[in-house]
Amino acid sequence: MNAQIRQTAANEWEIPRGFVPGMRVPGRFFLSKNLAETLEDGALTQLANVATLPGIIRCSLGMPDIHWGYGFPIGGVGAFDAETGVISPGGVGFDINCGVRMITTPLHVSDIPDMPGLIEDLFTAVPTGVGSKSPCRLSQQDLTGMLENGAKHAVMMGYGTERDILRCEENGAMDGAQPEHVSKKARQRGIPQCGTLGSGNHFLEIQTVDKIEDQETADLFGVTEGQICVMIHCGSRGLGHQVCTDHLQILEQAVHTYGIELPDRQLACAPLSSPEGEAYFGAMAASANYAWANRQIITHIVRELFVKKFRIEYEEMPLVYDVAHNVAKWEEHDVNGVRQNVCVHRKGATRAFGPGRRELPHEFQGCGQPVIIPGSMGTPSYLLAGTKGAMEKTFGSTCHGSGRVQSRSSAKKSQTGEEVARALLAQGIVVRAPNQAAIAEEAPEVYKSSSEVVRTVHDAGISRIIARLRPLGVIKG
DNA sequence: ATGTGC
């Protein structure tokens, strides 16, 4: 560990002010001894850079899956004061509201004798890969509806149930969406892509619950051992990417307009209260809503396939929860003992609200929200719960996944897609992707261990492990 | 992440 970094608890570290010039607050991050060697110098510097931004509250935060990203590190959290703070696309990420949802089924492993067949059918039903095209013909009006009302609009169109909405963070639609700040170009990319999985680390996975660590909370979440589940990981596709690109350009100018000094151009931002900052927030919220609609439509496609194939009822595949990984949101938090409305940026980080938060459905008031942490291809995913500790230490946030440790190009050099797929099949995991390179780039070896990341946040008390899920079949984008 | 890069 860098000599300037101070250890403050078993898995907790502090970057002191002065690590980079202009830090207004310290940086803090969570990392176990085993993960220490995965920490990149660049990510550490980025975490310190975030602490220089105007109006940042208490500290910049890094989760154990931290790695180098655009401006902010991935696995980064920053909360900003409503009056003096800024909003930054680099603190949200290009894939606005990249997120993950988990659906349970009444099936067990023995009910799916032909996993390759199921995966093939799902691969055909859910458009996958770069530039894949939508299964639904979306009108301009429906696109606007999705930008304004997210998953609610998708349900209104017939893609899901009223109950689904209650099981999405923000009820599947953020307040403050302003479709008028989503460019025509972004809309053009969004229309043909809604209901598509995308590429990279996005996936659709068939899993089984193989270990319950907290039976009481698992019961509340509706999860039982041996059950087959579906996990969907995707975001706002080309639309969110275009919104980020468009507004970065505007905010790079705003940096000069408002005389903001930045250690890195990629931290382009504007005051939360400025027209430029408000425009980005409105467009970002609209993109987040599009992503919720996207995951909702994919959920519907999967349910229809299961209903037909396994002769079950649509309602027998309830949504456990849907969480956002890349978003900035207004939330109330305690700041120096005062309840304050702050703008929390989570980039590659998950909300982990503990018991008693009014945003949560009544059934989760006592146990905290479900937190879904996807593993890499072939490694376990986890269902966690939010905690009081997260409210106190991390503005109600935890990790989002495993975190890449090897570049895509390097991954392709070390193994071919065929080799990776064969190794996974030997472990009983079926993999399907549009091309072999996609599989090589996502080999389990290129990621930090999801188990180690999850263990770290559990031990630090910023979420707690409820159940572990083992992959059986994976569709990669 | 991304109709993937100047």
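Along the chain as shown, residues are numbered 1 onward.
Note: Cβ is positioned from N, Cα and C throughout, glycine not excepted.
The active site, GMP-histidine intermediate annotation in TrEMBL covers A:His400. According to TrEMBL, the feature Mn(2+) 1 binding site maps to A:Asp95, A:His202. What TrEMBL records for A:201-205, A:325-326, A:374-377, A:Ser381, A:400-403, A:Lys476 is GMP binding site. What TrEMBL lists as Mn(2+) 2 binding site is A:His233, A:His325.
Not a single one of the binding-site residues A:Asn201, A:His202, A:Leu204 has a C-alpha within 10 angstroms of the C-alpha of A:His325 (Mn(2+) 2 binding site). Candidate binding-site residues: A:Asn326, A:Ser376. Fewest other C-beta atoms within 10 angstroms, A:Ser376.
Cβ contacts within 10 Å of A:His233 (Mn(2+) 2 binding site), excluding its own Cβ and spanning all protein chains shown: 25. The C-beta environment of A:His202 (Mn(2+) 1 binding site), restricted to residues of the same chain at least 6 apart in sequence and closer than 8 Å, consists of A:Cys98, A:His233, A:Cys234, A:Gly235, A:Lys476, A:Gly477. Taking CA atoms as the reference points, the residue listed as 'active site, GMP-histidine intermediate' and A:Asp95 (Mn(2+) 1 binding site) are 14 Å apart.
With a 10 A radius on its CB, A:His400 (active site, GMP-histidine intermediate) counts 28 other CB atoms from all the protein chains. For A:Gly403 (GMP binding site), the count of additional Cβ atoms within 10 Å of its Cβ stands at 24 [all protein chains shown].
Here A:Asp95 (Mn(2+) 1 binding site) is positioned 7 angstrom away from A:Asn326 (GMP binding site), judged by their C-alpha atoms. The Cβ of A:Asp95 (Mn(2+) 1 binding site) lies under 8 Å from the Cβ of A:Gly198, A:Gly235, A:Ser236, A:Arg237, A:Gly240, A:His241, A:Asn326, each on the same chain and at least six residues away in sequence.
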